[in-house]
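Summarising the annotation, TrEMBL assigns signal peptide to 1-18. Feature annotation from TrEMBL assigns domain 'Lipid-binding serum glycoprotein N-terminal' to 28-246. Here TrEMBL flags CYS149-CYS188 as disulfide bond. Annotation comment: TrEMBL describes 261-487 as domain 'Lipid-binding serum glycoprotein C-terminal'.
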Amino acid sequence: MAAGSCLLLLLLPSLVTASHSTPGCKIRITSKGLDLVKQEGLRFVEQELQNITVSDLHGNEGQFHYNISQVKVTDLQLAFSDLKFQPQQHLVFNINNASISLRFRRQLLYWFFYDIGSINASADGVHIYTVLQLAKDEAGRLKISNMTCSASIARMHAGFSGTLRKVYEFLSTFIVTGMRFLLSQQICPSLEHASLVLLNSLLDTVPVRNYVDEHIGIDYSLLRDPSISTDTLDLDFKGMFFPRVREDQELENHAVEPVIKETERMVYVAFSEYFFDSAMHSYFQAGVLTIELQGEKVPKDLEVLLRATFFGTIFMLSPSVDAPLQLVLQVSAPPRCTIKPSGTSVSVSAFLNISLVPPDRPPVQLSSMAMETKLSAKVFLQGKALRVQLDLRRYGWGSMGTWGESPPHPTHNCFFVSRFRIYSKQSALESLALFSLQAPLKTLLQLTIMPIINERTKKGVQIPLPEGMDFTREAVTNHAGYLTVGADLHFSKGLREVIEKYRPVPTAAAYSSSRPAEPSLDPSSL
């Protein structure tokens, strides 16, 4: 018994870790963001209710035979509506005192008298109460997993015209009561289809596991069900990049978990050091962190300096004195990201091999040196793309003084100190001889290598938001071990536009079977 208890205590930390994986990315939607979603959602609900299909109403009362068909919603007034968070996993959408205007076709046969016309009706005091449950599906995608709905109509009025108007007014109570029942029975099924089918198709546009470029991909799967309070909805994403050559590779997350406390903006996105480390680790695993410059691609001033520095070695290779130079820069270990309140930096270790490349002969190595540098990183959003721009230059302003560079964009995030040094892998004496190359090689990195790297990362990576929703007025804030981006939201496309874009095209058979039948004009069919 004691041995079992000890074993349980030893396993407890690993069980806790397994049950709560640390996210690399977090998103918080606040009540202000929900208000914007409500405005767009209300337009969507109006469109769905306008497409309600009400079954035909037909029957007889003694010698009266009637048929009510072609019911169409002509107008909606949803003035009093509310969308709010409900702990722990729910959204509540409530509509009060709405009105729905209808128009439908009537047919009446009384003995030998036949009448046909239209009826205008209005349903007032419409109350709709829906609760949407949000959850993570098997693929790690946010979904509406369940919906409860209740709908009621307080009053319904109808206006009649035609030769038998008095008869219809006499039977209005029966007809209106039937239409009121049929209409109220169609509201919730319509909204259920809109939520569980159409809105879930919109959530399918959120990237979960997709490719960033030809080398790496990103895993945005949810780690757990969303956490909802009265004011916020929090989503924990894996936020891990992977190399496409080894898509099943997992990088353990030992970084600090991001913490979002703010609620002033519509949305907040947080990224830990793990998010950026996994990207650089994946590029390293993909074998693309190598750059080669040869011949005319080597800056002329640097070439002259290198030939002077290695004059003795080159002189010994008399047949190859005029051979072109080759510089190969290869990262030796996955770069590491460091996020501090003062800014963000990326530490890189690399080898620089300098060689002569005689025609039709193997390259002749002149030197192999190690390089260590700490790059400043500017993190910013453009649309829904998170981008990082690396730099060797130093930035500073305010109380830290001006270092010759204008301050970056206020939504950027910068590190104030960049470091660069080279040393020989052979001897300390050669390291001293290479000291004169430090400044020129740093200039080479800044003017030649850094533009190549930044061009590769120019596209950025998409943040997991549905299609048609973008960020505006972004602001980046650094913390110890993670950074947050606060922003407002903007709908560049309507919900209906995105849903229609991805709606499956119905087949001809399905279309004909679901299309309401035209009413008969033959009195004998009544």
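Note that Cβ sites are derived from N, Cα and C of the backbone, with glycine treated the same way.
Keep in mind that TrEMBL annotations are predicted by a computer and have not been checked by a curator.
The Cβ of CYS188 (disulfide bond) has ILE128, THR130, CYS149, SER150, ALA151 as same-chain neighbours under 8 Å, each 6 or more residues away in sequence. Taken together, the residues in the domain 'Lipid-binding serum glycoprotein N-terminal' (28-246) have a mean pLDDT of 86 on the 0 to 100 scale. When other Cβ atoms within 10 Å of the Cβ of CYS149 (disulfide bond) are tallied across all protein chains shown, the result is 17.
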